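Copied over from TrEMBL, here are the features:
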BINDING   Asn62, Asn63, Gly64, Gly65, Asp66, Gly125, Thr126, Gly127, Ser128, Ser129, Gly130, Ser131, Asp160  (6S)-NADPHX binding site
BINDING   Asn63, Asp121, Ser163  K(+) binding site
DOMAIN    4-218  domain 'YjeF N-terminal'
Amino acid sequence: MISYTAAQVRAAEQPFLDAGVPLMQRAALALADEISAVVDHAQMSTHDSAPARVLLVIGSGNNGGDALFAGAILAARGLLIDVVQTSERVHEAGLTAAEQAGATVTSAEDVDALHYDIIVDAILGTGSSGSGLRGTAREIVQRMLSQLTEPQHPIIVACDLPSGIHPDTGAVPGPCVLRADLTVTFGAAKAGMLREPAAWYVGRLVVADIGLAAELERIAAG
């Protein structure tokens, strides 16, 4: 699989962002579609038609924005969406869209991971230094990891990459990382995802096409 550094992906995105191309909405739709497919498969397997419960664990940046807009799409499709913030800062437009579609913001103290069918890790994206989770984000993930010991536990979906891994080197600074069952990454695989030890945390990798392929090839060619 071809992979790129985080810097190469950001460079490929920039001309589109400058031109006003809605890359975040493309990413959100791709993430929502993959989550919907997971839900459909699970419901077919269990013959359970109850609305799936999804928890979005949101950081302060564009990674959180991607997931919030995806949450708005999923709420419109009938899924039950809760949002927990790991920072006081949040992508305001994404949060507004999610809440207007029916999502509910919940406090970190009230989160019970086993209450959900799917948990979306959208704390850190490709702008991460790979130094690991800190503060509230670390506390939330540590609490979840202590809860996710039962054989039956939620499906973990990483938005772009599992939070805490280094997007280029694949380094993982500590055990406070949610191991994804599915990672939906945008535009291209990031180099670190394919390297150990990070690859162990990625799970099944889906590369969502958001229109960057030609620009990435141009950048890689120098």
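Keep in mind that glycine also has a Cβ here, set from the backbone N, Cα and C atoms.
Where the annotation comes from TrEMBL, it is an automatic prediction and has not been curated.
What you are looking at is a predicted structure, and each value in this text was computed from that prediction instead of being measured.
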DSSP-derived structure type at Asp121 (K(+) binding site), helix or strand or else coil: strand
Candidates Asn62, Asp66, Thr126, Ser128, Gly130 (binding-site residues) with Cα within 10 Å of Ser163 (K(+) binding site): Thr126, Ser128, Gly130
Greatest C-beta neighbour count within 10 angstroms, which of the binding-site residues Ser128, Ser163: Ser163
Candidates Gly64, Gly130: member of the binding-site residues with the richest Cβ shell (10 Å): Gly64
Between Asp121 (K(+) binding site) and Asn62 ((6S)-NADPHX binding site): CA-CA distance (Å): 13
Rounded distance in angstrom between the Cα atoms of Thr126 ((6S)-NADPHX binding site) and Asn63 (K(+) binding site): 8
Cα-Cα distance linking Asp121 (K(+) binding site) and Gly64 ((6S)-NADPHX binding site), given in Å to the nearest integer: 9
Mean of pLDDT values spanning the domain 'YjeF N-terminal' (4-218): 95
Residue among binding-site residues Asn62, Asn63, Thr126 with least C-beta crowding, 10 angstrom cut-off: Asn62
Asn63 (K(+) binding site) and Asp160 ((6S)-NADPHX binding site), distance between Cα atoms, whole Å: 7
Three-state secondary structure, Asn62 ((6S)-NADPHX binding site) (per DSSP): helix
Cβ neighbour count (within 10 Å, all chains shown) around Asp121 (K(+) binding site): 29
